[in-house]
Amino acid sequence: TAWRVLQLGGSELDAVEKGCGQCEIDQCDGSVGYGGSPDESGETTLDAMIMDGNTMEVGAVADLRRVKNAIGVARKVIEYTKHTLLVGESASLFAVRMGFPYEDLTTPKSLSLYSNWLNRSCQPNYWKNVVPDSSKSCGPYKRPEKVICKEEQTISQRSAHNHDTIGMVVIGVGGTVASGTSTNGAVHKISGRVGDSPIAGAGSYADSTAGGAAATGDGDIMMRFLPSYQAVEYMRMGTDPTAACQKVISRIQKYVPKFFGAVICANTTGSYGAACNKIPGFTQFYFMVSSPLLSKPTKQVVECI
């Protein structure tokens with residue numbers, strides 16, 4: 001869809017918006033768009049961002065409710081406000097003012113996911129150091145009188161089967177770069193949680209003087225390292241896109257060896273690459289590429305490091 005937009009004369013931002021928007025409509029992997037990844041109250045909320053690598057403008061929404069086209073709303077943040085990020089109920093009100101309809105994001109599938117989770121005593125969840133014991137109970141949770149901090153789980157609750165974001169980098173004929181993301185976030189997340197996807201430099205980053213990058217994986221960990229920004233800076237210094245992605249993954253590995261995550265990178269000449277962290281069940285990363293050198297969109301694969 002994004003490639004078709006470019007071929008029909010659309011801008012790089014148009015391509016990112018329509019491409020990510022198609023994934024929202026298709027409910028890609030159940031982790032983009034409506035009807036997937038219900039939070040711990042059973043509601044599906046959306047995060048998205050879009051970035052213009054010429055002007056460095058960013059539009060983003062997080063914890064967006066009852067509006068399906070999150071990437072479209074993010075684009076309107078660039079076009080009609082002086083802001084960068086709108087969140088929660090207020091982001092939904094903004095969307096309605098911009099002409100987006102209120103729609104229910106819940107589906108029988110998301111209700112089933114939520115119901116099954118409740119029946120499993122709300123396992124897994126994202127609480128820690130609370131009473132009652134979050135590994136055995138649904139709560140409601142509160143702080144204990146005496147805090148005994150446990151080590152964080154070192155293995156991500158996400159897996160290769162919970163590929164959680166559409167991330168896209170578009171390089172125009174003249175080297176113009178745009179990027180974007182869209183997701184419904186971590187399944188069973190604590191209400192109000194925002195991951196890396198709508199955060200500039202974390203979920204994606206675009207700079208028409210260097211290139212673009214986008215990330216996927218455990219957003220709570222990924223966002224601490226601004227991997228997309230860092231990858232673009234490596235490319236600015238002349239690092240090959242594949243090596244830039246690998247260096248970003250290696251930086252995170254030093255702190256969280258068993259995190260689930262991957263990064264895609266493309267520079268202004270159209271060279272591209274990707275890298276991922278190798279953990280059980282996730283040893284390869286697949287991504288799609290369209291270019292004048294390819295007759296059709298092509299699936300690529302890299303071995304995780």
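Note: Cβ is positioned from N, Cα and C throughout, glycine not excepted.
Per TrEMBL, the features are:
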{"type": "ACT_SITE", "residues": "T165", "note": "active site, nucleophile"}
{"type": "BINDING", "residues": "R193, V194, G195, D196, T216, G217, D218, G219", "note": "substrate binding site"}
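Features as recorded by TrEMBL, highlighted on the structure.
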residue : record                   : contacts (Cβ under 8 Å, 6+ apart)
T165    : active site, nucleophile : S31, V32, T181, S182, T183, S197, G203, A214, A215, T216, G219
R193    : substrate binding site   : D39, D63, Y126, G185, A186, D220
V194    : substrate binding site   : D47, A62, D63, V87, G185
G195    : substrate binding site   : D47, D164, T183, G185, A186, K189, G203, G219, D220, M222, M223
D196    : substrate binding site   : A202, G203, A215, G219, D220, M222, M223
- request: Let me know how many other Cβ atoms fall within 10 Å of the Cβ of T216 (substrate binding site).
  value: 28
Statement: G217 (substrate binding site) has its Cβ surrounded, within 10 angstroms, by a count of other Cβ atoms equal to 28
- line: Ranked by how many other Cβ atoms lie within 10 Å of their Cβ, the binding-site residues D218, G219 are led by G219
Field: Farthest-apart CA atoms of R193, V194, G195, D196, T216, G217, D218, G219, residues recorded for substrate, distance in Å
entry: 16
